[in-house]
Each structure stands twice: as C-alpha cells, then as structure tokens.
Amino acid sequence: MAVGLLKAMYQELVTFRDVAVDFSQEEWDCLDSSQRHLYSNVMLENYRILVSLGLCFSKPSVILLLEQGKAPWMVKRELTKGLCSGWEPICETEELTPKQDFYEEHQSQKIIETLTSYNLEYSSLREEWKCEGYFERQPGNQKACFKEEIITHEEPLFDEREQEYKSWGSFHQNPLLCTQKIIPKEEKVHKHDTQKRSFKKNLMAIKPKSVCAEKKLLKCNDCEKVFSQSSSLTLHQRIHTGEKPYKCIECGKAFSQRSNLVQHQRIHTGEKPYECKECRKAFSQNAHLVQHLRVHTGEKPYECKVCRKAFSQFAYLAQHQRVHTGEKPYECIECGKAFSNRSSIAQHQRVHTGEKPYECNVCGKAFSLRAYLTVHQRIHTGERPYECKECGKAFSQNSHLAQHQRIHTGEKPYKCQECRKAFSQIAYLAQHQRVHTGEKPYECIECGKAFSNDSSLTQHQRVHTGEKPYECTVCGKAFSYCGSLAQHQRIHTGERPYECKECKKTFRQHAHLAHHQRIHIGESLSPPNPVNHQVL
C-alpha cells in the first residue's frame, strides 16, 4: 500500500507546466489585445494558485515576462528540473537521456527518505519502485511516456475552480505529502487521491491536452473557426449567440467574458493597479500600460506595408491603412456620410444631435469637440503657441499659421475653375466664386440688401446701427471700418505707401493714386471719391 500511495502522489503531483500554455511568436502576433490580456490573467492566476498550494517555489520565466508586460513567446520551452516542476510529460518520440534516468533515481530515493521520516513500512520499497517504476519503457528503443490519465472537459470549469482549490488546501504545506501524519488507511488515501484528482481536473480544463495525446481540434459550427480548447470555443460561440452572462451590478452592462467584467468594474471603483515605473502614471488594464510604455521607449512595432509608416498600437495601424484602401466602415444613419474611424463619426453625429459636451469654465460657451474648446480658451489666456519663423508673428491656431505662411511663400493652392484665379485660402475662393454665380446669401434684415460674404453684411449693418468700433488712439476719432481707420492713421504717421511709377509722387490711399494716374494716361479728371475725402 505504501508503494501505491507513493505512486499515486508522485503521478498526480500538479506542476506549473501542466497548466501552462505556450505560444510561438507567430501565434502570439495573431492574438488581439483582449485575447492577450485574458491569457496573461489566466497564467498569473494559475501560478498564484500553485504557490498558495505549495506546488511551486521558484518563479517561471514566462511569469516574469508577463509581470513585466513582455511577450511570453520569448521563453523557450524547456524541461524544468527540480521539486517545483516535478516530471514533465515526455512525448513518445523523445528518448530518456542518462540525465533523466539519474533524476528519476534521485527522486525515488528522496521520496523513500521522506516516507521513512513518517515511520512508514517500506521493507522492499526500493526494489518494488525500481521494478514497477512510474515510467513505462518500450522494449528495444528505450522510449518512454508518462503514464497519466488525460482528463478533458466539454464544459469550462472557471466558476467551479475556487471551491475545488479550497477543498485541497490541506496539501499546501508539502508538495509530496500532507502535513498531518500519514496514516496508511485505504479510505484516507482514497479521499486525498480524489481531492487531488478533482483539483487537477479543474486545472486541466484550461490547458491543452498533453503532448503525448493526439491533439483534438474543435470547430465552431457557425464560422468553422478551429480551437484546441473547449473553453476557448465556448467563449467564442458567445459572439454568435450574443450571450453575455457576466453583468455589472453597478450599471447593468453585460459582458461575454469574466475578465472583461473585471476590467469594466474598475471604472466604478477607480482602481488602477498597473503603474508605469517611469512616470508613475497608473492604468486599469495591463494592456494599456504596455501601450503607454512605448511612449517612453519610442517603440513602434506595427508598420504599414504600403508606406512603411510605423505605429505604437495596432489600432492606429488599422486606422491608417484605410488611407490606402479608402475604406470608410462607419456610416452616419442620419445623413449617410461615412468615416474611416469611430471617433470621427462620434464627433460628426453631434451635428445632428446638437450635443456640445465641452464647456468653457470662463464664459460658459460650449463646443462639440474638445479641440474647439482648447482653441477657444486661448482667447482668455492670450496663448499663441504657433509662431511664424519668417516674421515672428504668432497665432492661436496652427491652421491660421499655415494660412499666414502663404504670404511669404506666395502659395495659392485654391484655384477658380471659371477664371483660373488662385487664392491662398479656400474661404477666399468660396467668396470669389459668388462673383460668377451671382449668389448673395447674406441679407440685411433692416433694408433687405444682400451681400456675397458675411463680412460685407457686418460692415453694412453699421450704417443702421451707427456703430463705429474702430477708434484712433491718437485723436480719438472712430470709424465703422477697420480699413478706414488704417487710412486715417496715415495722417498722423505721414505714411504714403502708394507711389506713381511715372512721376514718383506718393499717396496715402490707393484710390488717390488711381485718380492721379489718369493725368498721365490722358483721362479726364474726376473728383476724388467723397467717402475717401470724408476719411481724410
């Protein structure tokens, strides 16, 4: 019976490798962020359970990598040696090496000595152990395979595992023997053996079948996607069924996976367990921390195959690729306009809803986009972060700087299709095109007079209101138009920017120069514009 107990405990010892899942680099690259996060959670949870049960005394390399947010495929699968790992299942195609034979003999002796300390009978134990050893050798080629019953489940056992872990908690003090004095009674051995099998059964439910067994693939009946684990298939099928069994008790939102619910609940609790060691910024998800770390490292692992542009996140790459494909999968149900990314359609939909969630805390004005609020706040702060390198003039918006720089470059990218006249700004082109169309959309509500642009209407309305917002700082005289003030100020400065090319005579106003030039071309003189005289 001592031999039976020894073999049962030796064979049923659960190792970290028994519940670990390995990925190659190619397989890891195929997983999305949520799948990688689920894998990380399961592996870390399995490790914590084995530690709490006393089944692992050293930290495996894959756990160290996962805790650092690194990819687990960096770990090469090796046969772990020592009490932490115990024996690995050896495939039928692998031969036992002399080193493995020595390890088997060493472990046999170690267990015999342990049984001796518990005063168990083992008069012929060594011979029986050698004769019956727990490796079954094939004649001729010395190949071996671990005699272990492979247990599989058709249904995932995630919800039931916790209770089973507790039921085997009495074994946590020693990975080989119970802490209580072992009494060689058949019923006690049977009870402990059953508990250990139950615990291992639950762990086996979340790992692939042993490498000794033929790998059985499970296919989804809806999309024919293939899985190696029944639990993965069960999770996947919820995509088709729409089943979301995990519900948040705070807001009622439901999820198809427990890990997604745990992540969501951190919104309510404010928990952010993942902290950046560089800047101390904290995150609710490990995947978000991994993405953030690339800000410090500058790593951009996702590269566009078309233009070779690189990105720090796969989502950014996917969004960028739509520039090349022209794909616009997000369509507005109100007007049918399509967008290449989700954030753009969310912003666009506020046009229809009138939603303006971003409010200025100084004047209370609200905006549909955060960027609009940021630009607006510079009115209050006076901030002008965009400076022209040519003349030093600063602007509150980058677009205004871009428009201004065309003064220096002379660039006029907006061309009229009717007369081929070009403009530096699209607004100027739109205003010009009304010359050809005759459109005058801006009408004065006082007199009904219409104008082709809003600035002309604004200036005209001052005729009715008598408003003169432009005041000379020298003499205090006020004007309705900014241009009129500029002309007036030349009286004080003596500036005469308009010069006749024939006689070199200068003038304060362009209209006066035009009137003067008629002397040289022989045109009849006419009195200056009365408006200009009034300005002077």
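Glycine is treated like the rest: Cβ placed from N, Cα and C.
Swiss-Prot lists 14-85 with the feature domain 'KRAB', giving sequence analysis as the kind of evidence. Positions annotated as zinc finger by Swiss-Prot, on the basis of sequence analysis: 218-240, 246-268, 274-296, 302-324, 330-352, 358-380, 386-408, 414-436, 442-464, 470-492, 498-520.
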So what's near the zinc finger (302-324) in sequence-distant terms, Cβ-Cβ under 8 Å and 6+ beyond its ends?
32-33, 291, 294-295, 340-341
Do you know the DSSP helix, strand and coil residue counts for the zinc finger (386-408)?
11 helix, 4 strand, 8 coil
Just to confirm my parser: what is the rounded mean pLDDT across the domain 'KRAB' (14-85)?
67
Counts by DSSP class (helix H/G/I, strand E/B, coil) across the zinc finger (414-436):
11 helix, 4 strand, 8 coil
